[in-house]
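Asks: Sharing the feature lines straight out of TrEMBL:
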type: BINDING; residues: GLY35, VAL38, ASN42, SER283, ASN315, LEU380, ASP383; note: Na(+) binding site
type: TRANSMEM; residues: 59-80; note: transmembrane segment
type: TRANSMEM; residues: 101-127; note: transmembrane segment
type: DISULFID; residues: CYS139-CYS148; note: disulfide bond
type: TRANSMEM; residues: 198-218; note: transmembrane segment
type: TRANSMEM; residues: 227-247; note: transmembrane segment
type: TRANSMEM; residues: 280-297; note: transmembrane segment
type: TRANSMEM; residues: 309-330; note: transmembrane segment
type: TRANSMEM; residues: 368-389; note: transmembrane segment
type: TRANSMEM; residues: 410-436; note: transmembrane segment
type: TRANSMEM; residues: 442-465; note: transmembrane segment
type: TRANSMEM; residues: 486-511; note: transmembrane segment
type: TRANSMEM; residues: 531-553; note: transmembrane segment
Amino acid sequence: SQAWPGPPPQPEILAPTPPRETWASKYEFLLSCLGYCVGLGNVWRFPYLCYRNGGGIFLIPYFIMLLVTGLPLFLMELSLGQYGAAGPITVWKCCPLLKGVGVAMLIVSSLVSLYYNVIMAWALYYLGSSFQSPLPWSCDAPWNAEICKVVAVMVTWWGCVLQNASGSTGWVSASEVFWNEQVLGVTHSSGLEDPGPVQWPLALCLLAAWILVFLCMLKGIRSSGKVAYFTATFPYLVILILIIRGATLEGSLNGIRFYLSSDWSGLQSAQVWSDAASQIFYSLGIGFGGLLSMASYNKFDNNVIRDTLVVAIGNCCTSFFAGFAIFSVLGHMAWRKQVPVGSVAASGPGLAFVAYPEALSLLPGSPFWSILFFLMLLTLGVDTLFGNIEGITTAILDEFPALRDWRRKTAFLGVLCISFYLLGLLLVTQGGIFWFTLIDTYSTGFGLIIVALFMCLGIAFCYGMNQFCQDIVDMICRCPPWCSHVLGYFKVCWAFFTPCLLLFTLIYTFLDLYGIPLRYGTYEYPAWGTSLGVCIGVLTCLQIPLWAAMALCRESGTLSDRFQKATQPLHSWRTATARDVAGDIIDVPFTITLTSSD
């Protein structure tokens with residue numbers, strides 16, 4: 001044998017890759033998931049959909065969609081993340097052909113995070129303005145006194161006509177003037193092409209919101225999990241207080257009757273079922289990657305079925321009871337104005353920043369109620385944003401494990417928050433609300449539904465439904481008898497009912513988007529603006545075929561052979577961080593390289 005030239009090679013043992021974190025307790029995970037799911041849509045969208053679609057009758061399609069679409073997809077995403085112990089991109093080692101689904105989730109989470117924190121900036125602005133008496137959006141405010149007397153054109157917000165105290169549609173309410181003039185400055189912009197200068201008070205609030213997110217997520221789930229004890233429970237306290245206070249107000253029963261009025265003919269409308277499906281889909285946070293990321297930090301033997309039932313049902317019950325807090329106060333405002341409740345009801349920003357603040361300004365001690373309400377909005381939004389940012393950071397850190405080092409992770413999180421802040425400045429210009437509406441409409445539209453559809457079909461028919469159910473049973477070591485029956489039900493949903501309902505929702509979304517032109521108030525978006533929005537949605541969808549094509553190109557053989565190989569789990573699936581059934585890390589991989597001196 002030939003002697004080795006020079007000294008023998010010395011093995012260079014690199015530092016082990018920093019291990020993944022785990023939740024300090026199952027309660028932190030449950031609260032974080034609940035806080036992530038219970039967001040602004042539970043307060044400002046569900047009550048509006050409920051009264052628009054037949055009142056209490058809307059609960060029938062709502063809970064049917066929960067059982068057939070919400071629970072199955074929620075369990076699928078939690079189980080996939082917990083079993084794979086990986087983020088939205090890396091977890092698709094179970095089926096490399098569908099890696100594009102994880103990349104699409106990353107894009108959706110990024111787009112949502114970009115505009116969602118702008119809502120937090122609005123809430124911070126209103127929260128700061130609430131420490132005044134009278135409230136600056138009331139007609140008692142000095143700067144508003146004359147403006148409230150000016151006759152203006154009828155303004156329509158999100159399908160709701162705002163009126164003055166006399167019920168005349170020719171007057172603009174004080175809260176609307178404050179929202180348009182003081183907060184947005186939208187009256188100085190003509191549309192998308194004319195964003196105008198930055199509203200610097202809002203820019204400072206946006207900066208404060210991103211600093212808050214950065215500090216709360218500085219230590220990953222260890223810090224955000226502790227914060228969730230407050231942010232996930234405080235909204236329930238406020239909702240309870242508002243329900244009790246609302247019940248004592250004159251006219252509140254009219255608001256509750258309006259909220260729960262029953263119209264059985266609504267069940268015959270496809271719009272009602274589509275609204276129920278979309279509300280379940282978006283309120284549970286399915287397809288964003290946040291649930292998958294948070295579940296990836298669970299212990300291996302955590303009971304995902306129990307968590308699914310607790311979080312999903314708790315989220316839906318929150319939506320229902322929040323409606324009592326909203327409509328009892330709106331009923332009082334309608335009674336004070338001597339107008340129908342329907343004329344003061346609204347959805348989205350029109351409810352949170354125009355109609356409801358105006359209602360609060362009519363209450364005795366209005367600053368106190370206003371502070372409570374906007375603190376609730378802030379905590380609701382921050383929790384949801386935590387989940388989105390967690391999805392982004394987990395996806396990147398799992399792909400580049402070296403970034404898990406605390407210093408590098410801090411630097412990465414800082415760069416991420418600064419980037420989102422700079423990009424978000426467009427949304428706090430005088431015409432920023434037009435861009436906000438555009439991104440909001442198309443970033444979570446058809447693209448998100450397609451992501452969830454391919455996730456469901458990929459797990460059911462590529463990875464294998466029986467194998468996936470066995471993975472769930474493996475995680476739940478002592479599986480109760482009822483779990484087997486529940487899994488049998490979910491198998492039927494994953495194979496047939498859930499994909500069919502997602503397809504129905506997708507078709508209706510296309511009809512809704514392209515049948516009705518996008519508007520904000522009286523402003524109709526130009527063709528190039530709508531095209532830009534469609535491109536945002538298409539960008540998300542393109543990731544799935546693009547990464548699938550790359551996976552096929554990496555394999556060899558015929559197209560059929562390549563497809564079969566690309567749908568098989570990689571050897572590294574569930575081996576990078578091998579764990580025993582107790583969830584303890586038993587092996588941490590490290591790299592050994594050989595070097596030789598000259």
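Each Cβ is built from the backbone N, Cα and C atoms, and glycine gets one as well.
How buried are the listed features, and what sits near them?
Replies: Its own atom aside, the Cβ of GLY35 (Na(+) binding site) has 27 Cβ atoms within 10 angstroms in the protein chains shown.
Sequence-distant contacts of the transmembrane segment (227-247), counting only residues of its own chain at least 6 positions beyond either end whose CB sits under 8 Å from a CB of the stretch, comprise 28, 31-32, 34-35, 38, 216, 255, 318, 321-322, 324-325, 328-329, 331-332, 363, 369, 372-373, 375-376, 379-380, 382-383, 386.
Beyond the ends of the transmembrane segment (280-297), by six or more residues, the same chain brings 20-23, 29, 32-33, 36-39, 41-42, 45-46, 62, 65-66, 69-70, 73-74, 77-82, 84-88, 91, 102, 105-106, 108-109, 112, 221, 304, 312, 315-316, 319, 384, 387-388, 390-392, 394-395, 444, 448-449, 451-452, 455, 505 to within a C-beta distance below 8 angstroms of the stretch.
Tertiary proximity for the transmembrane segment (309-330) is limited to same-chain residues at least six positions away from its ends with a CB under 8 Å from its CB atoms, namely 30, 33-34, 37-38, 41-43, 46-47, 50-51, 59, 62-63, 66, 70-71, 74, 235-236, 239, 242-243, 245-247, 249, 252, 255-256, 258-259, 279-280, 283-284, 341, 344-345, 351, 355-356, 359-360, 363.
Sequence-distant contacts of the transmembrane segment (368-389) (same chain, at least 6 residues past either end, Cβ-Cβ under 8 Å): 32-33, 35-40, 42-43, 109, 112-113, 116-117, 119-120, 123-124, 126-127, 130-131, 135, 212-213, 216-217, 224, 227-228, 230-232, 234-235, 238-239, 241-242, 245, 285, 288, 290-291, 293-294, 352, 356-357, 360-361, 416.
Same-chain residues lying 6+ beyond the ends of the transmembrane segment (486-511) with a Cβ under 8 Å from its Cβ atoms: 65, 68-69, 71-73, 75-76, 270-271, 273-274, 277-278, 281, 305, 445-446, 449-450, 452-453, 456-457, 459-460, 465, 469, 472-473.
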Asks: I need the CA-to-CA distance for GLY35 (Na(+) binding site) versus CYS139 (disulfide bond), whole Å please.
Replies: 35
Asks: For the transmembrane segment (101-127) against the transmembrane segment (198-218), do we get 3 or more Cβ-Cβ pairs below 8 Å once near-sequence pairs (under 6 apart) are dropped?
Replies: yes
Asks: Measuring Cα to Cα, how far is CYS139 (disulfide bond) from LEU380 (Na(+) binding site) in Å?
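Replies: Given the Cα positions, CYS139 (disulfide bond) is 29 Å from LEU380 (Na(+) binding site).
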Asks: Which residues, given as numbers and ranges, are at least 6 beyond the ends of the transmembrane segment (410-436) yet have a Cβ under 8 Å from it?
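Replies: Result: 113-115, 117-118, 121, 184-186, 188-192, 194-199, 202-203, 206-207, 210-211, 213-214, 217-218, 389, 392-393, 396-397, 403, 520, 523, 525, 529.
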Asks: Including all protein chains shown, what's the count of other C-beta atoms within 10 A of the C-beta of CYS139 (disulfide bond)?
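Replies: Total other Cβ atoms inside 10 Å, all chains included: 18.
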Asks: Can you give me the residues near the recorded Na(+) site, meaning same chain, not GLY35, VAL38, ASN42, SER283, ASN315, LEU380, ASP383 themselves, Cβ no more than 8 Å from the center of the site's Cβ atoms?
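Replies: Counting only non-site residues, the set is LEU34, TYR36, CYS37, GLY39, LEU40, GLY41, PRO235, THR318, THR384.
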Asks: If you draw a 10 Å sphere on the Cβ of ASN315 (Na(+) binding site), how many other Cβ atoms land inside?
Replies: 24
